[in-house]
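*Asks:* Quick one: structure below, then a few questions.
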């Protein structure tokens, strides 16, 4: 707002340029008193001005004969983001403040690298444990229940302890560097030595004694290094993505920035899905150009793990750069520090919070729902593509398709958030997963009668089940990445720092594998009760319906609480704005400045703005 604050009844200055310049000099404190704080949120103040003879002080001086328009204070200009008189405008690029861009661009690159690695690790872990000799897709429910969940709980306990003694920077490096080192060591050491370190002879003897029902548990011992890779890849998704990245993003962004940019993070991240899918397919097809007797899968692993290590180092560099060159929001500095709590106290604190319980319900429900469909689909996938390279090549195409679908959903997500709000956005993922899951189970149940019809399209019922299951996973994951994850992470922002750090550790590290393990336990029970997953398909569909309804209920409850927290936050900001006071100056009889009440002949001016 370009205006000269000189009007009868608000501010009058003596008609001598030298005296005016002296009075308006910053050393006199008047400019500081008038413009030290930016008056925000003062709606309803009208703008009125008159043309009166005056002398305006400028750096080069003005003639006493000059006249100018004199304006009263216009608070609406500040609310519109326009700089006040004497205030330096914030530098912008493409309408976005440079300070915001310094946060958003590195965060987007970090998310790109993390998800690029996760896609490679996710596809590789399935190939390793499903196609290994003496194993099958039936190993996954046992692996998630008896190995992945205990390790996730152990990590959460360790992370909680480390969070109490380490700084946030040291905690980030302490967690991510062991992941990078392990994946590099697996590709170049553990896998080449797998034939020597796996107790296959012992596993064969035990299998002969215990029977084929124990194929899954014994396979965990038989291919223990592959199972360790599987668990570390799962933890990369829950720890590095959910705890480290989103925790860091929530720390340095505001709610307004999150609403605008969190959905856009996924655009770059799902470009990563497309490129990483092509990368997996490229390395999986290397076997075709190798001579006989060469382990093509070992060569593929070395190439993919090298890329994982390089991307991991890039993540560390970006984290270092943001911490060095980007200031934290003032809200982070205003948070009241809570006393450090032990593990038991932390868990009690989190369980006592309805807000955290609803968040946990969302994560657990997603894990159970996706696992009920995914394991059955992977068993069909192995039957169709038994070779590790063929399996991995299909997964590369699957990841690319997921990236394209998610990219499209990301373009729509900001419109959904703006038009329909947080609650509707949070309810789309469970709805998509329910509808697509019902279609997949229906095809398995009625695949036999549909055989002649499918043959006309050149497909067997098995291949059709593989494709429909792939579509189900693509739609579910694209909805998760574009809507579910941004919704979940936005819900953390209004919380205090202590709840945010420990709540994310408990929810993302424990509840995520707990949901998957819950689905695995359900499948194990169904297998033992009905003999196979195929026989239990109708019951799995019913369980899926119940889980999704509970998911939708928790999302509705969380929407109400989140809206209330945001309303309280906005109220606090309005109270802070109302506390800003600007003294109103009136004209005394001798022409000097003095405090007084404003003239109300035209427009009344409040004494406290």
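Cβ from N, Cα, C; glycine included.
Nobody curates TrEMBL annotations by hand; they come from automatic prediction.
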*Asks:* Would you mind telling me which of 86-103, 104-121, 122-139, 194-211 TrEMBL tags as transmembrane segment?
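*Replies:* Going through 86-103, 104-121, 122-139, 194-211 one by one, TrEMBL gives transmembrane segment for 104-121.
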*Asks:* Does the transmembrane segment (171-191) come close to the transmembrane segment (301-322), meaning at least 3 CB pairs under 8 Å for residues 6 or more apart?
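*Replies:* Since 3 or more Cβ pairs under 8 Å link them, the transmembrane segment (301-322) and the transmembrane segment (171-191) do come into contact.
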*Asks:* Are the transmembrane segment (227-249) and the transmembrane segment (398-417) near each other by the rule of at least 3 C-beta pairs under 8 angstroms (pairs 6 or more apart)?
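*Replies:* Per Cβ check, the transmembrane segment (398-417) does not touch the transmembrane segment (227-249).
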*Asks:* When you look at the transmembrane segment (227-249) alongside the transmembrane segment (359-377), do they share 3+ Cβ pairs under 8 Å, ignoring any pair fewer than 6 residues apart in sequence?
*Replies:* no
*Asks:* Who are the chain neighbours of the transmembrane segment (104-121) in space, where the CB to CB distance is under 8 Å and they lie at least 6 residues beyond its ends?
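*Replies:* Distant Cβ neighbours of the transmembrane segment (104-121) are 96, 183, 232-233, 236-237, 240-241, 245, 248-249, 252-253, 257, 261, 264-273, 275-277, 279-280, 304, 307-308, 311-312, 314-315, 318-319, 321-322, 326, 399, 403.
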*Asks:* Counting only residues 6 or more past its boundaries, what in the same chain has a CB within less than 8 Å of a CB in the transmembrane segment (457-475)?
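*Replies:* Result: 370, 373-374, 376-377, 380-381, 383-384, 398, 401-402, 405, 432-433, 436-437, 439-440, 443-444, 447-448, 450-451.
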*Asks:* For the transmembrane segment (141-159), which partner among 171-191, 227-249, 423-445, 539-558 gives the most CB pairs under 8 Å?
*Replies:* 227-249
